[in-house]
């Protein structure tokens, strides 16, 4: 009797040893596609003990005993590891490198006759068509998730705009403020935060205007709104002068690793382009015939579409012709701009919302022509007005006037002589008629004539 009790105890111990290990509550881990995922496994002993990692269908992944690591024949063989530095603290994590969506499943850690289940869910967030987009293009953020999951995602742009959705988020008409880090949070029981860097390819300014006096040197600058370590592409500046009927190409160039190589350049006007970034052009002289608008384009290698910047040139000219002082501007200007002429340190003599103003008989001295917008002076030109005087009479004018006077005198004399001659002719005819009448009367009263011509009584 006494000998059977130890045997029953021994049998009970053997049966307990053959039972499966006790399973604790499942831990859920959210991981990012392409990154390292850490699955936790800990023991209360806080010391190094043997442990094993398996899949839910009992395929061995990794095991450690006496610091000796063994790897099973699984799809993770070349992507798994553990933190040896944490084993002595009773922590035996499984590290999965380059995590993939298909790695999402339940993993089992066996340690101290216990089983700890860890459910891994791997998510991916991709930007389409790319993380580098041209200004004005649309951005689509697509969430990849494990089968059977139903996550939601919320993204916040650098400008603070929030968008929410399930699998796909779209943003149209990207601008420079959208360039930067986008923070996207995936909600699937837990939260997983993605940070994705979006670069909007654009010039810092969509449009710029340069105001210059006639004859001054002009600098056009086209700084980029993004940092570029290696930039390759080609560009062109097409110009539409205000006085021209059509636009023409002023310059074309190639950009190779931030070096500028000019291909073709016009000879009129004289242009010079810088060899380094930022892209910039120099026009030797600002002349009225060059005033107008240009379209500067840059096509980047591997990108569909072009970067655009509009550039305008406004030129001011002040002239004095005889007794007229005139100020004019050429180029694209707003109807709100004010053009004024005034003596220095005095009130404006004339001020109009037009492209030309003038003053008749200007006082001698220093005059100023101002182009302003709501009181802000955009362009100023100074001019020293000379005393005005009556224009000298030209010899040709005297000759013409003398000829006209002589012609008038000759014509008057001719008319006078004709009238006088006609008057004398009429007077002679009248005297002749009187003489004839008198002659006839005398003949009729003669006696011998009367006797011959009169009939007897």
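Just so it is clear, glycine is given a Cβ too, placed from its N, Cα and C backbone atoms.
According to Swiss-Prot, the signal peptide annotation covers 1-25.
Under the heading domain 'Ig-like V-type', Swiss-Prot lists 26-125. Summarised as a single figure, the pLDDT of the domain 'Ig-like V-type' (26-125) averages 92.
Residues annotated as domain 'Ig-like C2-type 1' in Swiss-Prot: 126-202. Each residue of the domain 'Ig-like C2-type 1' (126-202) gets a DSSP state, and the totals for helix, strand and coil are 3 helix, 46 strand, 28 coil.
Among the features that Swiss-Prot reports, transmembrane segment is placed at 396-417.
As annotated by Swiss-Prot, S-palmitoyl cysteine applies to 418 (among others).
Taken from Swiss-Prot, the feature S-palmitoyl cysteine applies to 421 (among others), supported by similarity to another entry.
Taken from Swiss-Prot, the feature phosphoserine applies to 432 (among others). A helical conformation is recorded for residue 432 (phosphoserine) in the three-state DSSP classification. Counting every protein chain shown, the number of other Cβ atoms lying within 10 Å of the Cβ of residue 432 (phosphoserine) is 10.
Marked as phosphoserine by Swiss-Prot on the basis of similarity to another entry: 439 (among others).
Look at Swiss-Prot and you will find 455 (among others) tagged as phosphoserine, backed by similarity to another entry.
Across the domain 'Ig-like V-type' (26-125), DSSP classifies residues as 12 helix, 50 strand, 38 coil.
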